[in-house]
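A.B. asks: Can you keep this structure in mind? I'll have questions shortly.
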């Protein structure tokens, strides 16, 4: 039977000094035999998805102590990708994931915590904490701050549900008046919470449910709704129970690596494909699986993408459908229920709240559940009042969305498409693969071929788009923006948003070794691996080269003869120390970012660090 980790610092004569310090934090004699639970918070006033978390850590802490544990709270950093977007601040977003994972490891191991509750929400925070949970493998429960309410705006006499992306597109649309743009800006982000569409933050919080590490409703119940308080309360009680089951009952089934098994990662990716989640989730699931020492790879994602249908389309893939609408249709448990009925998930996987996922679905899938409380829970509605206060309203819809033929969530028979919402493409320009969010691609451009227009920074591409130098049929190539080449693998949300504003969203393709925001739609292909900075073929593309994209057959090809590509590669290698580097660009790369670039790996491996690279053993 494993001993409580915390006893390293709370038991024995030689730990008198440590106990003295624990006492200075408020612990009493009776506390030294209890599990010490880390409350891993991420409150910050910089991020709307985290601005309301300040008091929620202490809410969880009180429930932990009521259940018989000792709670100790600390915070990680949190970067707002939307505020960091479109300038050099975005270089820091993906690297912050590793810092978050490390900071959790440092705090939990330095103080010998027995278990943890992870309070996350936005883009890199949930993945960073998930990586830490897999790395540490101590009992863990995830609870997020919840989605923002969608904005409501009246334009030309019609009410629209809007979000951050709509504001960005409007700002670049010269046909919109300054007044309408300001109305959109003031309406797009009305409350605290993670941005209201199926962007990266909400995608990851939904996947935490599928992995079995979060409570039902984690991904979909609004940050402002009173129902969300129950998740925090239950998280506090659940983690104490899990800690006791492991340390006192020798029950290893509660550990993150047992809950988030290979099959659970398949479930999460299956959900991701079915709901058309952010392409960033691919990076994060690969990274978390690596921390769990699981052999879960791009090949597994490709395999799943070929058999899983698209059962839901949410902004940005369609307008006017946001997380509040997904919740009304039964949330993530409803999508998992449809996947289960189609035989596409492993329902025997354990979860932190139920013996198996199948047992959870029996209670929480609204097509199966007989519980009136569950049905009431999924009728939670937006309050419609701008606020930064959690749990501030308790409005409910009159009825649920149970339409599985034309509703927000479809059954497999009535799927939006038989192919899912994400796909892996392979070809000479992406030997290790690249990712496209097919849920956001118009059917008319699932196959596409056009001349390349090459840019060696996002900034140059944006200037060309806004300067009307891009025309219908072009394939925009943005390179040297990968994990090493950026460094930091910037998101390309502004280029795709500006293409929309120019009326080119369905007329051009964009290919990059960088990545895309969860708010991106259109023929946007990212994570091209190997990246240009690692000698990838994307580094050899020249203006005018034809690039062909075939999503149905999962192909992407640079249509240039092999001998010509060999000649270009030799020419590049002849540059010596300047080989596989971008032309001069005005970009300050700090020592912190240089350190990240030295250790990071390909997007095909989750862009995680590999210390063997520094030791000369890695690729």
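Backbone N, Cα and C atoms are what each Cβ position is placed from, and that goes for glycine too.
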A.B. asks: Swiss-Prot has 123, 124, 491 down as binding Mg(2+); which of 80, 81, 163, 166 does it also list for that site?
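C.D. replies: Within the candidate list, Swiss-Prot flags 81.
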A.B. asks: Any idea what the Cα distance is from residue 124 (Mg(2+) binding site) over to residue 195 ([2Fe-2S] cluster binding site), rounded to a whole Å?
C.D. replies: 14
A.B. asks: Which Cβ among the binding-site residues (81, 123) has the fewest C-beta neighbours inside 10 Å?
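C.D. replies: Counting other Cβ atoms within 10 Å of each of the binding-site residues 81, 123 gives the minimum at 81.
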